[in-house]
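Features reported for this protein in Swiss-Prot:
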- Asn6, Arg17, Gly214, Gly235, Gln236: 3-amino-2-oxopropyl phosphate binding site (BINDING)
- Asp8, His9, Arg44, His49, Thr99: 1-deoxy-D-xylulose 5-phosphate binding site (BINDING)
- His42: active site, proton acceptor (ACT_SITE)
- Glu69: active site, proton acceptor (ACT_SITE)
- Glu150: site 'Transition state stabilizer' (SITE)
- His213: active site, proton donor (ACT_SITE)
Amino acid sequence: MKLGVNIDHVAVLREARKVNDPDILNALYVATQNGADQITIHLREDRRHIQDADAYAIMKYSNVGVNLECSINRAILDIVTDLKPHRTTLVPEKREEVTTEGGLDVVGHEDEIAYAIELLHDYLIPVSLFIDPTIEAVEKSKELGAEMVELHTGAFANLYAMLSSSLPHSNHSIKELELPRHELSIRLEKSILAIDEAAKHAKKIGLEVAAGHGLNYHNVHEMMKIAEITELNIGQSIVARSIFSGLGEAVKEMKRLTSR
C-alpha cells in the first residue's frame, strides 16, 4: 500500500500565528524520511493553509511524488499547470466548509471537470478525481478521462468514530448519527461495502484506486482489507498523533499499519 502523507495541517498550525513555525519543509523532510511514499497537499482557493510558495518549495525539494489536490477553479489550475505535480487530484471546495465534505459531483459538473482534465493532460499531469464511493461516480470518472479515483471515506470514518471513539460524548458529536449502536453498525457495514464495490468496479474498468478522508490509526485496517485500493492519503490523524509522539514516529506507525 502506498502511503500519501498530507501535510496541510502542519500549515494550519503555522497559519494560526502567521509565522514560519512549524516549517512545512521540515515536515516534508521528516515525513519522507520515515516512510511517506508520497506527499499530498491541498492548494485551496482561500489559501487557509498551504500557500503558493509552499507548493513551489515542496515541488522543488520533495524526493517523492507530490499529489496536489485542488478545485476546478481556473486560476488555481493555472498555478497547478505551472507547478506540474506528479498527480493532481480534483476535489470539491466550499469556502464555508471546515474540510472537504463530499466527493466531486462528476455528473452535475461534467463539463467543467472535463475541461480541467483536458487542461491538465495538456501539461502531461495525471488526474485523479475525489469521488463518493458509488458505481455511477466511478463510471463517470472513467468516461471523463481520469486515470485514478480517490474514494471519499468520510461517511465511513464518521460512522466508525460514532461507534468506536469518544466522539459521541464530545462537543463535536455528529447529531444526525446519534443513533442506536445496532443502527450505526448496519450503516457502517453498508459504507464499507460501498467502498469495496466501488474499488472493485474502478479496478475492473482500468482505474487506479486510492482512498482518503477521515482515516486514522483505529479505522485504517478496514481499508487494508480491500485489495483494489493501492494508495491511502492520510493527514490530520498523523499530525494529531505527532503532537504526542513526534512526526517521525507518527508516520512510521501509520506506515506499519498500511504495509502489505
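Glycine is no exception: its Cβ is also placed from the backbone N, Cα and C atoms.
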Rounded distance in angstrom between the Cα atoms of His49 (1-deoxy-D-xylulose 5-phosphate binding site) and Gln236 (3-amino-2-oxopropyl phosphate binding site): 13
Largest tally of Cβ atoms lying within 10 Å of a Cβ, found at which of the binding-site residues Asn6, Gln236: Asn6
Candidate nearest Gly235 (3-amino-2-oxopropyl phosphate binding site) in space, where candidates are the recorded positions Asp8, His42, Arg44 and distance is Cα-Cα: Asp8
Arg44 (1-deoxy-D-xylulose 5-phosphate binding site): tally of other CB atoms within 10 A of its CB: 21
Pairwise Cα distance maximum in Å, 3-amino-2-oxopropyl phosphate-binding residues per record: Asn6, Arg17, Gly214, Gly235, Gln236: 25
Gly235 (3-amino-2-oxopropyl phosphate binding site), number of other Cβ atoms within 10 Å: 22
CB contacts for the residue listed as 'active site, proton donor' [other CB atoms within 10 A, all chains]: 25
Fewest-neighbour residue among recorded positions, criterion Cβ within 10 Å, set Asp8, Glu69, Glu150: Asp8
Subset of recorded positions (His9, Glu69, Glu150, His213) lying within 10 A of Gln236 (3-amino-2-oxopropyl phosphate binding site), CA to CA, in sequence order: His9, His213
Least buried by Cβ count (within 10 Å) of the recorded positions His9, Arg17, His42, His49: Arg17
Same-chain residues at least 6 apart in sequence whose Cβ lies under 8 Å from Gly214 (3-amino-2-oxopropyl phosphate binding site): Thr153, Gly154, Phe156, Ala157, Asn158, Ala161
Inter-residue C-alpha distance, His42 (active site, proton acceptor) and Glu69 (active site, proton acceptor) (nearest angstrom): 4
